[in-house]
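S.K.: Sharing a structure here in structure tokens format.
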Amino acid sequence: MSSLDAVVHGARELVVGPAAGGDTLETHADGAVAVVDGAVAAVGDTADVLAAYPAENATTAIDATGKTVLPGFVDPHTHALFAGDRSDEFAAKLRGKPYQEILAEGGGILRTVDAVRAASDAALVANLTAQLDVMLAHGTTTAEVKTGYGLDTETECRMLDAIAAAAAEHPVDVVTTFLGAHAVPDDTDADAYVDAVIDDQLPAAANGPARFCDVFCEADVFTVEQSRRILDAGREHGLAPKLHAEEFTRLGGAQLAADLGATSADHLLHATPEDAAALADAGVTPVLLPATAFVLDEAYADPQQFLAAADNRTGAPVALGTDLNPNCYTHSMGFVVSLACNGMRMAPADAVLAATAWAASALDRGRDGTGTLREGTDGDVLVVDAPSHVHLPYNPGVNNVEAVLTDGTVAVGGGGA
């Protein structure tokens, strides 16, 4: 027998997802959504939804009068599993020390690698669970989590196991990415390490939960050809390619992503309109991470070149993510939406789409409707104490998430009928 899990009704604005044509939001005034057996069963005007799914019959009924209801945020780029504390590096950066100089001195990624290697399995699971808790409280219901702080086969596999263990017990839907090629360990050179990733790490990682293989394609890290080798090998093991590309320099990672038909290319601070066109032609989702530029005091990526390149093409024009990591310590997609509008001058509707439906495409989840509220999609529903989606960027620095439902079950907040 079907179960009416939840009815959220009376929303001043209900955000469904991309409108017909895909380039703007479909919204309803006085909107409602009903969730049955974990999936959206009805969405539309409150009177129509309540006539078919009375609130008094629901396990959870939420009166969203005066509020905005939208799909749960999708965060397509995080390094949420880590150990240790690098807040002292934050202070050094404020004094003007470049991140690459910190990395060269054994800080940055390599410092976190040492902490992760020293952490117990239980500590890794607990650390990730704590990060997911905060993400969920800020409205994220689907999140990618990368490895990459192991840099050896044993620790990378321990990270994969920890991600799987935390994900199995958490309401956030976790998508796992193998990132063995996150940095070059200080006891080897890049070519030798690439061989180790291909020969040792990838065969072991293929037995775990990873869906994607990512590489940090950047000057003084991994070249385009080294990245290609790793991603080709990952694909042979069933892992779809992703890239960190054009973050500090324009090295050619975006074009590589296009050549490979990668699922996404991420960062892209130094990408050009030609790169944007190549990604759009290849159906690669660009993932912009404005919080990283914010904390590093770098110029923001230009979303308009990606939006323009995507015109009249299929696929998501652009996505947004937090890049949650010890160097960019934010869990809030709402904050990222605000940065996208106030820093990168995105329209609020575009920013909300880039944090929901378009972000799902960066995880190859767009086809199943993740990041939308349509009949048959997962019942991941966000209730925000604001009169419209515009207030997400308009009111920065405030977590106005009032309730989060995952598969129709209250995970954060709630309220009465």
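Note: Cβ is positioned from N, Cα and C throughout, glycine not excepted.
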S.K.: Would you identify which residue of H9, H28, H182 Swiss-Prot lists as part of the 4-imidazolone-5-propanoate site it also attributes to R86, Y149, E247?
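M.R.: 4-imidazolone-5-propanoate site check in Swiss-Prot: besides R86, Y149, E247, the record includes H182 out of H9, H28, H182.
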S.K.: According to Swiss-Prot, H77, H79, H244 bind Zn(2+); which one of D5, D152, D323 is annotated to that same site?
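M.R.: Among D5, D152, D323, only D323 appears alongside H77, H79, H244 as Zn(2+)-binding in Swiss-Prot.
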S.K.: So if I measure Cβ to Cβ from H77 (Fe(3+) binding site) and keep only same-chain residues at least 6 apart in sequence, which ones fall under 8 Å?
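M.R.: Listed in sequence order, they are E144, K146, S264, D266, V287, L289, G321, T322, D323, A362.
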S.K.: Sort out for me which one of H79, R86, H244 has the most neighbouring CB atoms within 10 A, since those are the binding-site residues we care about.
M.R.: H244
S.K.: Check each residue in the chain of N325 (N-formimidoyl-L-glutamate binding site) that is at least six apart in sequence and keep those whose C-beta is under 8 Å from its C-beta; list them in sequence order.
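M.R.: Spatial neighbours, sequence-distant, of N325 (N-formimidoyl-L-glutamate binding site): T78, H79, A80, F82.
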